[in-house]
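Visitor: From TrEMBL, here are the annotated features:
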DOMAIN    9-154  domain 'Flavodoxin-like'
BINDING   15-20, 63-66, 101-110, 136  FMN binding site
DOMAIN    227-466  domain 'FAD-binding FR-type'
BINDING   373, 403, 404, 405, 406, 437, 438, 439, 440, 625  FAD binding site
BINDING   479, 545, 546, 551, 552, 553, 554, 555, 587  NADP(+) binding site
């Protein structure tokens, strides 16, 4: 092999929720166990893409997010790869493999892995193995495809680059007593460095300080700015759906208690949820921790870590858990069970944990853990002989993540306020266990009379704010109506001072009686020269799916208004779609194809090309969530 190459197996991951990181770290551990002399596992944003031609073998583990989007950490890397000045031989001699994590219920399934694979090949790199595609819909999740792909990878890597696996593809270090050191170390401190809360003002400052300290020392789990844009206080908690309707949809209003609020319609609010105090206390008791001790968390290794460039101030152990470790909502990863097996003192527990961590136990683990959405606390309680050191818990307990919601207000209409429309998530598992969404159920319990500070971040979503002169076709069933509530509020204000273009809005819900969200708001704007009124060239159309024997969805209402939709599209209208990611976005897309084909008299293929052109021109936007 040419002198220019690093003789190292480099594994790069692009993760949005942590699954790709987990898969990459597992791949790295497997490579080391198979005797690979040098392995490096990095987040893709920690790697300089200009160095790619100097790498001998690179494995990419990448997830697809949203509607075929790159994870945030991959955006810079992908922009670099698309540069026009990169030649078809830029990566000549570089061997690569791609494994994608996606969900086949989405239209652009594993889109990121597919386009990365093609681009690397176009730039002259050689595939070690055909790309692998993990699917959340598989009975074992993405691991159903990852396990066989990894086995094939070791065989092909051995054939194409034997020195990376000098002992052959089948060699595995089977030292059952061996476990790596945790990646982090915890230092305990004698005294508190901070002031306990005395008043509501110092209480906020204390929370701000604890949050910043805790999140800044959490290894590799958070991207972007750890400091919240502001802290919010809830001022309204209003039930939108009918009580006892089987749905719990809320309208929440918040005001800023620290810095002022700034956002545009179409933006997203990220909220850090509070955890149940009882669950946090139970976790602390189960793990024999002292909630009042003060700690700093540092990486054991000095490589590639931002924490070593800054002095760390101690944080209270209980605060660290509350603000950074998801102990009672997220399910632990597979490696958690492997590490647990080393600390189990009861033989039957050790055997079960080893089985769960093995390829043979993969499907049973998926049924026990992910399918049942078992929490870290529940798993630890199921294996009472396990006493894991706190370092391992900090490393392996899933991070407490912010939850993102479409903003349903206009800042012009509500200065220093932000509104959300939230469906309180609850479901029953295959074994009939009742589960609830951490953030939505927490928000639903908040009393506006009580002073609870909510850390919040404002982000750009997938729906850019439209200028007043742009005609709009909006499709938002269920809580998909949230961003469009803000759009309509804003355009109603704009219409008082400037001439505004028409809006047609297609809303869908189960029934007129149970969950017609914001009914009075939409109807008032669709009458008396309102921005949704026929007088203004607009329209408001509701599909009640269960108010008649046959189900009616937004797609049916769109077909009924086929001529009106085509007329607005011909005037340069933009399309905005928001709501559940399951089938709705692709069904709506198909109806647009049908309408363009029928109304303009062209083939379905030509209609599809026309809509793709609309997408490229930035006039077809989708924001969907699972």
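The backbone N, Cα and C atoms fix where each Cβ goes, and this holds for glycine too.
Show me how these features fit into the structure around them.
Guide: A mean pLDDT of 92 is what the model gives for the domain 'Flavodoxin-like' (9-154).
Of all Cβ atoms in the shown protein chains, 29 besides its own fall within 10 Å of the Cβ of residue 63 (FMN binding site).
Every protein chain shown contributes to the tally, and the Cβ of residue 373 (FAD binding site) ends up with 14 other Cβ atoms within 10 Å.
Cβ neighbour count for residue 479 (NADP(+) binding site): 25 (other Cβ atoms within 10 Å of its Cβ, all protein chains included).
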Visitor: Hey, how far is residue 404 (FAD binding site) from residue 109 (FMN binding site), Cα to Cα, in Å?
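Guide: Between the Cα atoms of residue 404 (FAD binding site) and residue 109 (FMN binding site), the distance comes to 22 Å.
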Visitor: Between residue 552 (NADP(+) binding site) and residue 106 (FMN binding site), what is the CA-CA distance rounded to a whole number of Å?
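Guide: For residue 552 (NADP(+) binding site) versus residue 106 (FMN binding site), the Cα atoms are 22 Å apart.
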Visitor: What residue among the binding-site residues 106, 109 has the most other CB atoms lying within 10 A of its CB?
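Guide: Most Cβ neighbours within 10 Å: 106.
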Visitor: Neighbour count first, Cβ atoms within 10 Å, every protein chain included; then name which of 103, 587 tops the list of binding-site residues.
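Guide: Checking each of 103, 587, the winner is 103.
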Visitor: In angstrom units, rounded to an integer, how far apart are the Cα atoms of residue 66 (FMN binding site) and residue 440 (FAD binding site)?
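Guide: Checking the Cα atoms of residue 66 (FMN binding site) and residue 440 (FAD binding site) gives a distance of 20 Å.
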